[in-house]
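A short worksheet on the structure shown next.
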């Protein structure tokens, strides 16, 4: 007989009242049927998200198989030149943007709450919106292939090949608008993940007790915040160049195609680590569970993760070694490329040491992990080779690079993800995938992968270039290509076995899993339900289930925090970011149609733009905005319940204003994204001046007078002051003062935003004439875009005020708008200083 | 550990990495500008301007990162130590990050001694 728990030291007294669990179940009851479209629960969204990413993986992989069939023999004609270009572009884009990043975010959406014992991530509707936007956008992107209008410029879409002159159709627009839009979804996921990890940890999970996977996701999400804006700006600039002939990349008018490469690879190289680090985090969680001992050098691994994230931003030019950049500049990037291998090496040694010290369980996940170690280390070694500039000059744009990148990406990410699928499958619905099928799948994938990609190192060194759709038969590449093709099909068969295994489980043939089948030590192995764990445990170590064998039972009996649903709705505890002390009880939004409609209409808007139905695109655009307003109108409920007892003597409020509110954090992270995008525009300005000073004004005659600078700056500053005045008015419940200050501030901002393009037009500056004109108007347009957003946000704020939903004790919406407002004013002043003073001061 | 300001703590933990990032951007920007403006023939204190400026920036960055390392190693000793006190971890993290950044900054700065600025 199991001895009774000693509840004297536990946060909640046992036994719990019976109706408490029923209330919890009722609050978290999932919707069914069509209602699934309304669902926001991470357990459901996470599974759909992972499934969609796998679907896109299969589609992208199928394209690769067709390409390998084309290359199996010389002078083959399965695919023509044009279609082959579309295939490799969609394959690369699909794998990088529609599989790799989304699946790591999807796994995060599914796993993070259970690893943190949170009831859900803090913005469940944002996760659901990100998923639907991704699904609709991704499907539309692949459909472009059916109509032969898919992009064909490679996954990196270098201009001038993708400029209007050389790509006059809508193929490139599908990439630029489609991928730009899907990145918005990735950023939404990143915001969710950052705030989730920092603010919804269980009590006691201080910084030093955060699981390594959560650290890796935190680093990944942080990298998305600082990397993705670069490619969003790049795609915006190229699309604007194509649509309006503003010459950002056209050398004849002062633009530079290298600008694209800088912006793209500032995103593109960190992207590799955005993909790899979460996979490394999964490995760092699986290895201890499979070896039954704590991860060796846990703290070092955490620092290595963060260090890799930082150093990876110093590598972007290592994709540009052959572009004629000065040798000393190349050396900086070569040095950084080698430096980044050190933290990666620390992780590899930590895994090997842990595996070596433990008693290894030989599961399917173990095999995939060993396969990962072999392939990833091999890919890392060729990575060091291509980091050496003279070698890179030889191997550049050859199949050697194709081999290297597939070793790194498939080894570093696909194998750990498949290991993770087998390892964490039991947490989904309590069943296990087949160990026998899994092992077959592993060996097919491992052997197939090496047979497919190892010969590419050789064919590359023998001179076979990338992206060729065929080759003559007398160059000595025939056997190598045939072997690669056979290997690719063997690997694909391995993937098919995994899919069959998952389908078997879906049709009820999966083996029931015992509780915690691998005897792991972390929180996601506590049995859970739609509401996550019955109660939120107090954490005292990195492996709480190993340190307290009773913990799972304590949690399931409701002996820890928040054992019920005290306000009768979905909610979780928000804790402080360092000490993880309970701060308030966060009400969570439930099922709703708004996020689904917002995702659908946003996708429709971008698709209309891609196919050049500009006026039609306004309809879904307006509907998307309306859906978002519908979505957020019901949030920010104020303190509609008294403070609640969540256990352990903690009585916390159900609403907290100011910088401790989770949505304030979400807005702050969003502004980091925004600030990075603006920094990329400033970089564009300075870069174009560096390469084309001849199109910049040499005297003050061509510039608007300094009076414009001071006048517009004053407008922005007074507008910021008006917002601060409105804030004081809210604090004292002076509604009409607040409304008046907001309206006056908004008018001032509108005037400032309109004055900037107006005075440049007055000076005779034409955007399409030179890169200088293009970037000046781009900076002005960026500011106008922000003011348009603020018009909508201010209108929403005023509507809430008139509806009685905004006052001194219920001002979270106002505070978030204030953050965006003040940021926009600051950005406006910086933009003015750059545009008006730089040409006067530059040599 | 009582209530701690997140921004200050987190920035402190990341400070050495941030110093590396600023140094990296600075040396790349300096060299890019010197080459774009064809200033590679200019000398400063009898040495090419790129070498002087890049080594100067490297020295400053090394000093700053060393300062972070020293602060992590010999900073105020933690007082009350409980299982919920993350200060040991914060100091260890800061120290390791500083040590790693010192090596990375040095590694990034050294090519200025060997490689011509603009070819």
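Glycine residues also receive a Cβ, built from the backbone N, Cα and C atoms like all the rest.
It is A:590-607, from the ranges A:572-589, A:590-607, that TrEMBL records as transmembrane segment. Which of A:550-570, A:613-633 counts as transmembrane segment depends on TrEMBL, and there it is A:613-633. Among the residue ranges A:525-549, A:775-799, the one that TrEMBL annotates as transmembrane segment is A:775-799. Over the domain 'Heme-copper oxidase subunit III family profile' (A:665-840), the average per-residue pLDDT in this prediction is 96. Three or more CB pairs closer than 8 A are found between the transmembrane segment (A:437-458) and the transmembrane segment (A:401-425), so contact between the two stretches is assigned (pairs 6 or more residues apart).
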